[in-house]
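*Asks:* Found this in TrEMBL, in case it helps:
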type	residues	note
ACT_SITE	CYS106	active site, acyl-thioester intermediate
ACT_SITE	HIS360	active site, proton acceptor
ACT_SITE	CYS391	active site, proton acceptor
DOMAIN	40-274	domain 'Thiolase N-terminal'
DOMAIN	282-403	domain 'Thiolase C-terminal'
REGION	1-43	region 'Disordered'
Amino acid sequence: PPAAEHPHGHLGTPPLASLHTHPGAGPPHASPATAQERGSDTTPDELLSAVMTAVLQDVNLRPEALGDICVGNVLQPGAGALIARVAQFLSGIPESVPCSSVNRQCSSGLQAIINIAGGIRNGSYDIGLACGVETMSLRSANNPGDISSSLMENSKARDCLIPMGITSENVAEKFGVSRKKQDAFALASQQKAAKAQQMGLFKTEIVPVKTTVLDNQGNQKTITVHQDEGIRPSTTLEGLAKLKPAFKEDGSTTAGNASQVSDGAAAVLLAKRSKAAQLGLPVLGVLRSFAVVGVPPDLMGIGPAYAIPVAVEKAGLTLNDIDIYEINEAFASQAVYCVEKLGIPMEKVNPLGGAIALGHPLGCTGARQVVTLLNELKRRGRRAYGVVSMCIGTGMGAAAVFEYPGN
């Protein structure tokens with residue numbers, strides 16, 4: 001049976017799960033994305049526990065009611081399996097609730113949502129918690145480990161080892177995405193995020209997190225981080241143009257038009273509609289469809305351009321039916337390519353800014369995008385559809401379609 005029932009009829013496929021929030025509150029939740037120097041003493045289990053706790057408290061849900069927990073994580077040892085379980089206990093969730101972690105690189109947070117939705121849909125449980133977390137300040141590089149000779153003899157396998165920045169340059173060169181276009185896209189991301197932050201639009205979705213920092217005199221002090229720290233309101237095209245290429249001497253990808261190395265966590269509560277009604281949880285959104293596709297590893301950034309149409313078609317919709325596209329800005333080069341390839345109007349793309357401004361904590365991002373999308377759809381107040389999508393290292397793209405049922 002479908003995991004949830006839709007009050008207005010089906011759209012070609014049964015909904016995968018309902019997503020919930022408490023009136024006036026903000027689950028799904030995210031922690032602030034912090035710059036690499038700030039909050040580097042805050043461990044991933046602490047970040048994750050903060051958003052887990054906030055979601056459960058905001059909907060007044062008994063933690064033992066959860067059927068499962070899934071956490072997306074990329075860089076931490078064991079793909080965050082230990083981190084996930086520790087965070088669960090720090091959040092007061094009993095040992096009787098099972099927990100897993102998942103690593104599909106940059107889509108891990110979204111994949112956690114899909115995994116929980118799948119468990120609901122197949123009847124394993126009626127309610128679950130999906131999360132994502134990454135502390136890149138503690139572990140910002142991933143060693144591929146031992147490389148076999150057979151891997152190096154296979155061109156596609158070998159391409160999986162190409163640094164992400166070089167794949168960005170490959171996309172820019174192959175598809176003619178100019179430095180000027182990349183910088184313009186990056187500027188727009190910063191401007192949209194700065195405006196949203198100034199208007200307080202992120203407050204409903206952010207959980208303040210305490211962390212220890214060093215002041216200018218080198219003394220430790222405890223502060224509370226309550227907003228994303230990568231947003232730079234003073235960004236200009238002139239300033240971006242002065243930045244040197246980061247990955248190739250004659251390249252076009254810079255520190256200003258690529259996503260930021262950052263820390264963050266996000267959590268989303270999913271449930272079968274009947275379970276939501278039983279618990280008195282209002283529906284914030286419905287997960288309509290999901291797709292993940294493969295693309296050439298050396299051009300991994302083009303993934304969203306191929307995943308989005310598949311997910312939208314599965315939902316029984318067209319690209320024009322989608323009101324908001326949350327496309328991860330791993331690099332401006334690939335984001336520009338995907339938007340232009342699909343012919344998406346720029347006003348529909350990342351209306352509150354994206355990873356160039358907000359940061360890209362790898363395992364967190366997919367869940368954070370869902371948090372931002374659902375809160376923005378709710379603000380608009382009418383029935384609407386949104387897409388969350390991202391490219392994936394080693395050559396993939398993922399996309400999911402969500403519906404906001406209206407106020």
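A Cβ is built for glycine as well, from the same backbone N, Cα and C atoms used for every other residue.
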*Asks:* Between HIS360, CYS391, which of the active-site residues has the fewest other CB atoms within 10 angstroms in the structure shown?
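*Replies:* The active-site residues HIS360, CYS391 were compared, and HIS360 has the fewest Cβ atoms within 10 Å.
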*Asks:* Non-local Cβ contacts of the residue listed as 'active site, acyl-thioester intermediate' (under 8 Å, 6 or more apart, same chain)?
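*Replies:* Same-chain residues close to the residue listed as 'active site, acyl-thioester intermediate' (Cβ under 8 Å, separated by 6 or more) are VAL74, ASN328, ALA330, HIS360, LEU362, THR365, GLY366, MET390, CYS391, ILE392, GLY393.
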*Asks:* Which three-state DSSP class does CYS391 (active site, proton acceptor) fall into?
*Replies:* strand
*Asks:* In the domain 'Thiolase C-terminal' (282-403), how many residues does DSSP assign to helix, to strand and to coil?
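*Replies:* Taking each residue of the domain 'Thiolase C-terminal' (282-403) in turn, the totals are 58 helix, 35 strand, 29 coil.
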*Asks:* Could you tell me the mean pLDDT the prediction assigns to the domain 'Thiolase N-terminal' (40-274)?
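*Replies:* Taking every residue of the domain 'Thiolase N-terminal' (40-274) together, the mean pLDDT is 93.
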